[in-house]
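Encoded as structure tokens, the structure appears first; notes follow it.
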Amino acid sequence: MDFVLTRLILLFLAATIIYSSEDESRLINDLFKSYNKVVRPVKAFKDKVVVTVGLQLIQLINVNEVNQIVTTNVRLKQQWEDVHLKWDPEDYGGIKKVRIPSSDIWRPDIVLYNNADGDFAIVQETKVLLDYTGKIIWLPPAIFKSYCEMIVTYFPFDLQNCSMKLGTWTYDGTLVVINPENDRPDLSNFMESGEWYMKDYRCWKHWVYYDCCPETPYLDITYHFLLQRLPLYFIVNVVIPCLLFSFLTGLVFYLPTDSGEKITLSVSVLLSLVVFLLVIVELIPSTSSAVPLIGKYMLFTMVFVIASIVITVIVINTHHRSPSTHIMPQWLKKIFIETIPRVMFFSTMKRPAQDQHKKKIFTEDIDISDISGKLGPTAVKYQSPILKNPDVKSAIEGAKYVAETMKSDQESTKASEEWKFVAMVLDHLLLAVFMIVCIIGTLAIFAGRLIELHMQG
């Protein structure tokens, strides 16, 4: 019994499907019996076809800053009424909607005007949804490659204003009128990008009058997208490493000159920076229209490192100076031995002796005026008989020579210590200066743009 009932139900469903298929087939044949897809679907020639256009943005595939091309995945929704494709559902088994190939009917030749790859038209031949009232809905998918003028001045904290200009290719405003479905594109199915944030998006309709036909308007719908770059990737992989290189450069001046590794460290930092720049150069837009912020910062870091090498050479040269080759001017002593240490609060550092008491070789009871042939400032009229002895005179002359030699060595050592002290003061001064310049330079390059973006919300 159940088997018989099942067979009856299946036969009934099969008959219904066959009957419905016959109704749909008959409907399609009747609709296209005398249909001409080249002619606009209007009753009179002066009538206009009103096309409603809506853009559904699915995905932002790629933003090519070098070639200034934005690749997007979209669905272009188009609605219009075809007066030749209407029917009464009662005559065709209650069928109210059918799906037919878009290539079999008239359709507006809407193209992307600012296309960047030459494929202006929509190439996907998808089906349209046809209502018994003649209303047609066509929602073809498309990959748009649109031209967008890239302003990379503030890269990687940049905003890009890109657009898609849509309009009919052959019909002017007296034949086909295009209206936007909404004042904004549809982003309900938009897949967020890992590099860009859709900050704002708008839609405008334009009436354009060309020189060839100043009385005939041509209509277009332009969708504008304000794209803000997400800079985290570039901050982590470019900005922070460059900042660390700058701080490492400053630490060169904290390394003692006697270690002999100051130049080695400076050159190592420079070579590391060059290798790093060669690796990340592909991440930066290669355009000559403007120097991006990150390019300025990389240039600043390079100059910073090279300047540290040059100054380090000067410091090392100062450290190894001697009185036989260089005599320290008094103004240099005044600045680097007296003034700067006191101003920079390292007066506790051991300074070279400024005033030393001269050692007296001879006592008041001894006069060597007879040796030099002149009376000394402390000479007395009485001379001991011992001084008349030639051996004593020779011993006194030897002692005088030794004293003068010791005095010369002490002055030479003192001068060398003064040069070393000046080099040490330079190191401490340059350490502070380089750290301050590193911080101020970084803020000067990036802070203004970051504050501007914060003010814009």
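Cβ atoms are placed via backbone N, Cα and C, with glycine included.
As the structure is a computational prediction, the values presented were derived from the model and not from experiment.
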From C162, C203, partner that Swiss-Prot gives for the disulfide involving C148:
C162
Partner cysteine of C213 (disulphide bond, per Swiss-Prot) from C203, C212:
C212
Cα distance, C148 (disulfide bond) to C212 (disulfide bond), nearest Å?
27
Protein Cβ atoms within 10 Å of C148 (disulfide bond), excluding its own:
22
If we count other C-beta atoms within 10 Å, could you say which of the disulfide-bonded residues C162, C212, C213 has the fewest?
C212
Specify the secondary structure state of C148 (disulfide bond) as given by DSSP, simplified to three classes.
coil
Distant-in-sequence Cβ neighbours of N161 (N-linked glycosylation site), under 8 Å, six or more positions away:
C148, H224, F225, L226, L227
